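S.K.: Mind looking over this structure? Questions follow.
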Amino acid sequence: MDGDRGKRDSYWSTSPSGSTTKLASGWERSSKVDTWLLILSFTQWALSIATVIICIIISARQGYSTKEYSMTVEALNMSSREVKESLTSLIRQEVIARAVNIQSSVQTGIPVLLNKNSRDVIQMIDKSCSRQELTQLCESTIAVHHAEGIAPLEPHSFWRCPVGEPYLSSDPKISLLLGPSLLSGSTTISGCVRLPSLSIGEAIYAYSSNLITQGCADIGKSYQVLQLGYISLNSDMFPDLNPVVSHTYDINDNRKSCSVVATGTRGYQLCSMPTVDERTDYSSDGIEDLVLDVLDLKGSTKSHRYRNSEVDLDHPFSALYPSVGNGIATEGSLIFLGYGGLTTPLQGDTKCRTQGCQQVSQDTCNEALKITWLGGKQVVNVIIRVNDYLSERPKIRVTTIPITQNYLGAEGRLLKLGDRVYIYTRSSGWHSQLQIGVLDVSHPLTINWTPHEALSRPGNKECNWYNTCPKECISGVYTDAYPLSPDAANVATVTLYANTSRVNPTIMYSNTTNIINMLRIKDVQLEVAYTTISSCITHFGKGYCFHIIEINQKSLNTLQPMLFKTSIPKLCKAES
């Protein structure tokens with residue numbers, strides 16, 4: 001303790017400039033005051049004794065009268081008072097000087113030192129957090145997290161019952177849950193918000209959307225807005241998306257087709273930066289630039305731009321885009337789904353169906369991957385792996401999903417739930433039914449698709465809701481689904497419940513053969529765009545889904561994503 005006191009006194013006796021400041025400790029000040037008071041008391045006692053002795057001597061030896069004696073005593077008392085006042089004044093001046101010194105130090109010196117020390121600590125932490133190996137430790141100090149009990153829905157733990165078997169119930173009918181929506185929008189009447197992408201991580205979520213200031217053409221200059229936030233519970237105990245930080249990327253960069261990942265306390269988005277329209281891109285060799293954006297909860301952002309020569313491609317591509325839907329984080333890498341056109345087509349037999357179809361063969365299916373409207377390029381899906389994503393310059397590697405495992409390449413998303421990776425791809429070709437399955441990301445890439453007969457999407461006349469026979473077409477809409485059971489047989493989705501038109505958005509809970517429970521958002525005439533998202537969570541085992549739909553604001557002729565929420569109608573069937 002004495003050693004600590006010595007260090008402390010030594011520390012506070014030094015000003016920020018390094019000069020010595022003479023500050024007495026509390027103990028030293030108390031000792032000095034006690035010493036002065038002792039001296040004063042002793043002096044008064046000595047004077048009193050001396051006065052009495054002098055008076056006695058004077059009276060005895062000289063026989064002074066009583067009057068003269070009184071005058072002498074009075075003179076001595078006055079002298080004593082003068083000495084007392086002088087000593088008191090001296091002590092008071094010393095104490096006041098010390099008090100002023102202490103007050104100055106408390107009001108000025110100490111705060112300056114504390115501020116300096118605080119800055120030193122902050123700089124030390126920031127410097128440490130810039131080191132890759134300490135990134136996760138530093139991120140964990142930021143106190144932003146989903147509400148207690150909230151986590152991404154994991155099918156293996158959700159699709160079970162304490163007693164009996166789980167199933168989707170048709171009764172009661174699902175309804176929309178109350179709560180606010182804080183999705184980014186436009187500040188202009190003619191502005192158009194497109195291509196929403198949502199990733200729900202263990203701690204935070206990331207949401208991205210594209211804002212075109214005039215009209216909805218994909219090639220128009222646009223802002224990209226990336227939000228990070230957490231999921232809370234409102235007063236009705238329903239989950240809400242609460243944005244914490246948002247960043248708007250330069251309109252002149254024209255980011256398009258962005259996919260997001262939320263992991264740790266950061267959001268990542270991978271975008272294309274096209275300088276030409278889609279058809280022109282497919283007709284030329286090489287891909288448009290890609291950009292990886294990083295945003296953290298402090299609002300700090302970093303971007304990495306990659307040209308064709310800087311991307312490790314397993315085959316030459318004429319066009320390549322992130323798939324709009326979210327990606328995943330796994331084993332030190334970010335993995336995004338992508339799609340694009342190969343410069344030279346791959347050989348092999350793609351997914352096909354010939355039963356019940358006239359004049360159809362495997363060659364029909366193979367040729368259907370080559371889209372005339374896109375310069376006859378073979379359109380495939382790819383895995384875009386961002387390795388060392390915490391480093392100063394992450395590396396991008398692209399691996400093509402074999403055509404033997406896939407349908408026509410298109411937009412889609414990946415979900416890592418438990419130990420499985422689920423894949424959804426938009427039904428852009430002749431295969432109109434929902435395309436969802438389990439993806440093995442090891443080598444070679446394989447997909448175990450779950451056949452769905454009940455769910456489909458609107459398309460053009462040749463490839464409408466009911467089409468199941470192979471032919472060349474490019475149509476459909478992005479209406480992803482979230483797996484509720486491990487085999488992806490039970491899903492939550494938003495479907496445009498129409499044959500050929502993008503109308504009638506309907507929230508559906510379905511198995512492979514039947515639509516079990518559904519809710520029409522408004523009416524069959526409500527127009528939408530081609531992106532609907534469903535992402536689900538649990539709150540202490542209770543399931544909820546967020547649905548984001550691009551609604552056509554008909555009176556303004558613009559598109560705006562809107563957020564809806566439902567409770568999952570899962571029940572447990574009692575054993576007989």
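First residue shown is number 1, and so on along the chain.
Cβ coordinates are placed from backbone N, Cα and C, and glycine is handled just like the others.
Because the structure is a prediction, the values reported are computed rather than measured.
Pulled these features from Swiss-Prot for this protein:
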type: COMPBIAS; residues: 1-10; note: compositional bias 'Basic and acidic residues'
type: DISULFID; residues: CYS192-CYS216; note: disulfide bond
type: DISULFID; residues: CYS258-CYS271; note: disulfide bond
type: DISULFID; residues: CYS357-CYS469; note: disulfide bond
type: DISULFID; residues: CYS463-CYS473; note: disulfide bond
type: DISULFID; residues: CYS536-CYS545; note: disulfide bond
type: CARBOHYD; residues: ASN77; note: N-linked glycosylation site
type: CARBOHYD; residues: ASN499; note: N-linked glycosylation site
type: CARBOHYD; residues: ASN511; note: N-linked glycosylation site
type: REGION; residues: 10-14; note: region 'Incorporation in virion'
type: REGION; residues: 254-259; note: region 'Involved in neuraminidase activity'
type: TOPO_DOM; residues: 1-37; note: topological domain 'Intravirion'
type: TOPO_DOM; residues: 59-576; note: topological domain 'Virion surface'
type: TRANSMEM; residues: 38-58; note: transmembrane segment
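Map the listed features onto the structure and describe their local environment.
M.R.: Cβ-based neighbour count (10 Å, all protein chains) for CYS216 (disulfide bond) stands at 19.
Of all Cβ atoms in the shown protein chains, 29 besides its own fall within 10 Å of the Cβ of CYS271 (disulfide bond).
The 10 Å shell around the Cβ of CYS357 (disulfide bond) contains 16 further Cβ atoms across the protein chains shown.
When secondary structure is read from DSSP and collapsed to three states, CYS473 (disulfide bond) falls in the coil class. Within the same chain, residues at least six positions away from CYS473 (disulfide bond) with a Cβ under 8 Å of its Cβ are ALA368, GLY429, TRP430, GLY459, ASN460, GLU462, CYS463.
Within 10 Å of the C-beta of CYS545 (disulfide bond) there are 25 other C-beta atoms, taking all protein chains into account. Reduced to three states, the DSSP call for CYS545 (disulfide bond) is strand.
For ASN77 (N-linked glycosylation site), the same-chain residues lying six or more positions away in sequence with a CB closer than 8 A to its CB are THR51. DSSP assigns ASN77 (N-linked glycosylation site) to a helix in the three-state reduction.
The DSSP secondary structure for ASN499 (N-linked glycosylation site) is coil. In the shown protein chains, 15 other C-beta atoms lie within 10 A of the C-beta of ASN499 (N-linked glycosylation site).
According to DSSP, ASN511 (N-linked glycosylation site) is assigned to coil rather than to any helix or strand.
Looking at the region 'Incorporation in virion' (10-14) alone, the prediction's average pLDDT is 38.
Secondary structure by DSSP for the region 'Involved in neuraminidase activity' (254-259): 0 helix, 4 strand, 2 coil.
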S.K.: Between CYS536 (disulfide bond) and CYS469 (disulfide bond), what is the CA-CA distance rounded to a whole number of Å?
M.R.: 33
S.K.: Same chain only, please: residues at least 6 beyond the ends of the region 'Involved in neuraminidase activity' (254-259) with a C-beta under 8 Å from a C-beta of the stretch. Say none if there are none.
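M.R.: For the region 'Involved in neuraminidase activity' (254-259), the nonlocal Cβ contacts are 195, 197, 208, 210, 218-219, 221-222, 224, 269-275, 291, 321-327, 336-337, 411, 413.
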S.K.: Nearest by CA distance to ASN511 (N-linked glycosylation site): which of the recorded positions is it, out of CYS357, CYS469, ASN499, CYS545?
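M.R.: Going through CYS357, CYS469, ASN499, CYS545 one by one, the closest to ASN511 (N-linked glycosylation site) is CYS545.
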S.K.: What kind of secondary structure is CYS216 (disulfide bond) part of, going by DSSP in three states?
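M.R.: SS state of CYS216 (disulfide bond) = coil.
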S.K.: How big is the Cα-to-Cα gap, in Å, between CYS258 (disulfide bond) and CYS192 (disulfide bond)?
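M.R.: If we compare the Cα positions of CYS258 (disulfide bond) and CYS192 (disulfide bond), the gap is 16 Å.
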S.K.: Spatially, which candidate from the disulfide-bonded residues CYS271, CYS357, CYS469 is nearest to CYS545 (disulfide bond), comparing Cα atoms?
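M.R.: Considering only the listed disulfide-bonded residues, the nearest one is CYS271.
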S.K.: Just give me the nearest neighbour of CYS216 (disulfide bond) among the recorded positions CYS271, CYS357, CYS469, ASN499, Cα to Cα.
M.R.: CYS271
